[in-house]
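Asker: Checked TrEMBL, it gives:
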ACT_SITE  His243  active site
ACT_SITE  Cys286  active site
COMPBIAS  310-329  compositional bias 'Basic and acidic residues'
DOMAIN    7-97  domain 'CARD'
DOMAIN    165-290  domain 'Caspase family p20'
DOMAIN    332-427  domain 'Caspase family p10'
REGION    302-329  region 'Disordered'
Amino acid sequence: MLGECGMKKWERLALRKNSVMLLKDLVVDDLLIQCLRQDEVLTENLMERIMAKPTSQGKSSELLVVLPKRGPRAFSSFCSALKATEQQHLCKLLVDFTERDKSFSEPSLSLPTQECVIPVKRARTHESMEMCLDADSPVTNAILPCTPEFYECHQPQAYTMRSCPRGLALVLSNVSFVNTELDLRRGGEVDEETLRRLFTELDFTVIMHKDLTAEAMRMRLEEFALRQDHAEADCAVVCLLSHGVEGSIYGTDGQRLELDSVFGVFDNARCPLLQNKPKLFFIQACRGEEMDIGVDQLDGLERTQTPGCEQRDAGREGDSREREEERDRKRLRVKLPQRSDMICGFATLKGFSTAAMRNTKKGSWFVQELDTAIRQRANNTHLSDILVQVNGRIKSREGYAPGSPYHRCKEMSEFTSSLCKDLYLFPKYYPDNETDAFPR
């Protein structure tokens, strides 16, 4: 029951005065809504009304309209829900505000202390694919929004990115393996949540499946590629998290799923609804078992040379009328290559049979750095440059496992691209929609 009294005035004031920050940073997802429903702050109808809003800011705005009317426990329940969904910085913002406005505190709102030292784990004798290491990891920040000025300046040369939602994101994650020699991927569940939150905040509709056999993974991918939702979307994302070897990832049954067959599911012939639209793939898996122990860096200039390749245009003789007719016929039957408009980020390098590093508490290095780089730079950087930054961050990391062969081990990520335009995500900007403002 909500009780007879409403939200206290300083709690309402805290929501109103911090509404700009809340609209900017708040992620309203299923977990947060379910927390409020469990505390009987929200009804089923209110849940549906909030989640029906098409944008992240729209959901946040609707929730902030509803909360002050939901009784005396609504504020404390909201703060608890923020903590449960790892949005402690917003919880602290609200609690600190109420304490400044009125001498008010409540034990249930106290924030957990942050660990300053990561304990050293006992070295493992053998792990076939990923190495579980405790190393430094990035801090999660809210995604910065794209400005209207940046959108107007860069959208003419970029892929269209204005649909709401932006598109569908599929996350297939294998953590537990049965009747195989493949180890439990400790920390893999952290990557699942990291990616779910990231793409939810980018206004993708996230679909998650966990612990699938190779055949079940193939079926989920094919079902995803055929979804009619792609027709109205501007982008699609596929994330695969598992053990792996060069060219394949493992299902929970120890069978392999070829990555080339995964990309083939989304080619221009088999997935026509995504033709000319960017398709993003992120593969968190090893490409072998060898440990990259690194090499000592020597002083000197680094030089990278990328050879160019010219393509000669072929012409044919004929008068101007015949050429014009030929151009008209070609316009009617424009052809596409079998596979295009894809970009794929890999946790490790091709051809080196190297293992991927994974922090047992905070997830894999690659997913951590991908999450951080997108959050920091998606508002003004195209995805190819973001993945270059991810490579740089991965290059600078080292394993921390004193006394084991994995101490100071290295990893190197890479990406491949057949993108034909700049790919900006233009986060939190919709030129065709106006977001409701928080009421005064």
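Glycine residues also receive a Cβ, built from the backbone N, Cα and C atoms like all the rest.
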Asker: Could you give me three numbers for the domain 'CARD' (7-97), the DSSP helix, strand and coil residue counts?
Answerer: 68 helix, 0 strand, 23 coil
Asker: For the domain 'Caspase family p20' (165-290), give the DSSP counts of helix residues, strand residues and coil residues.
Answerer: 40 helix, 36 strand, 50 coil
Asker: Between His243 (active site) and Cys286 (active site), how far is it from one CA atom to the other, in Å?
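Answerer: For His243 (active site) versus Cys286 (active site), the Cα atoms are 6 Å apart.
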Asker: Summarise the model confidence on the domain 'Caspase family p20' (165-290) as a single mean pLDDT, whole number.
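Answerer: Reported value for the domain 'Caspase family p20' (165-290) is a mean pLDDT of 94.
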Asker: Using DSSP, what's the helix, strand and coil tally for the domain 'Caspase family p10' (332-427)?
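Answerer: Here the numbers are 28 helix, 17 strand, 51 coil.
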